[in-house]
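Sequence annotations record features per position, and here Swiss-Prot assigns signal peptide to 1-21. For 22-105, the entry in Swiss-Prot reads topological domain 'Extracellular', with the evidence type sequence analysis. Annotated disulfide bond per Swiss-Prot: Cys37-Cys73, in sequence order, evidence recorded as similarity to another entry. What Swiss-Prot lists as N-linked glycosylation site is Asn38, Asn55, Asn74. Among the features that Swiss-Prot reports, transmembrane segment is placed at 106-126. Sequence annotations record features per position, and here Swiss-Prot assigns topological domain 'Cytoplasmic' to 127-173 based on sequence analysis. What Swiss-Prot records for 138-166 is domain 'ITAM', and it gives sequence analysis as the kind of evidence. According to Swiss-Prot, the phosphotyrosine annotation covers Tyr149, Tyr160, on the basis of similarity to another entry.
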Amino acid sequence: MEHSGILASLILIAVLPQGSPFKIQVTEYEDKVFVTCNTSVMHLDGTVEGWFAKNKTLNLGKGVLDPRGIYLCNGTEQLAKVVSSVQVHYRMCQNCVELDSGTMAGVIFIDLIATLLLALGVYCFAGHETGRPSGAAEVQALLKNEQLYQPLRDREDTQYSRLGGNWPRNKKS
């Protein structure tokens with residue numbers, strides 16, 4: 001039993017550490033993006049701007065222009081059939097604002113100033129009456145409550161009962 005456990009661990013030790021013999025790096029220098037491989041890089045799909053260092057470094061262009069594509073790292077003489085690939089998808093936020101404490105303080109400060117100016121404007125326009133008050137407002141203030149309404153006479157409760165009472169009516173037959 002002990003020998004089978006040792007044999008299983010030797011198999012795992014031999015199989016697991018076998019990774020890719022290639023070292024693919026995606027780096028950003030200044031404002032450009034580069035794909036670098038320790039053997040040679042091959043372009044399959046996407047953006048390419050230029051090659052450097054005997055096809056070991058590939059310039060993808062400016063990071064602001066969102067470079068993307070699939071790139072292969074070719075095998076060496078010993079491992080000719082082995083290839084390793086990397087997919088690059090760069091997405092830059094061109095319309096973003098960095099939200100730090102200074103920006104937040106500025107937003108809050110400007111918000112308070114705008115609120116105060118709005119309150120001042122409402123106070124100035126609503127607080128003062130322009131012109132003189134209307135004559136109807138003065139007359140109503142002088143009348144007593146019982147004089148506001150005229151009582152109905154002779155049970156004539158329709159609105160237009162007294163208008164044109166003596167006038168002859170035109171009836172067409």
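Glycine is no exception: its Cβ is also placed from the backbone N, Cα and C atoms.
Shown on the structure are the features that Swiss-Prot records.
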{"residue": "Cys37", "record": "disulfide bond", "CB count, 10 Å": "21"}
{"residue": "Asn38", "record": "N-linked glycosylation site", "CB count, 10 Å": "13"}
{"residue": "Asn55", "record": "N-linked glycosylation site", "CB count, 10 Å": "14"}
{"residue": "Cys73", "record": "disulfide bond", "CB count, 10 Å": "24"}
{"residue": "Asn74", "record": "N-linked glycosylation site", "CB count, 10 Å": "16"}
Assigned element (helix, strand, coil) containing Asn74 (N-linked glycosylation site), judged by DSSP:
coil
Of the residues in the topological domain 'Extracellular' (22-105), how many are helix, strand and coil by DSSP?
8 helix, 39 strand, 37 coil
Using Cα coordinates, what distance in whole Å links Asn38 (N-linked glycosylation site) and Asn55 (N-linked glycosylation site)?
10
Measuring Cα to Cα, how many angstrom lie between Cys73 (disulfide bond) and Asn55 (N-linked glycosylation site)?
10
Rounded to a whole angstrom, what is the C-alpha distance between Cys37 (disulfide bond) and Asn74 (N-linked glycosylation site)?
9
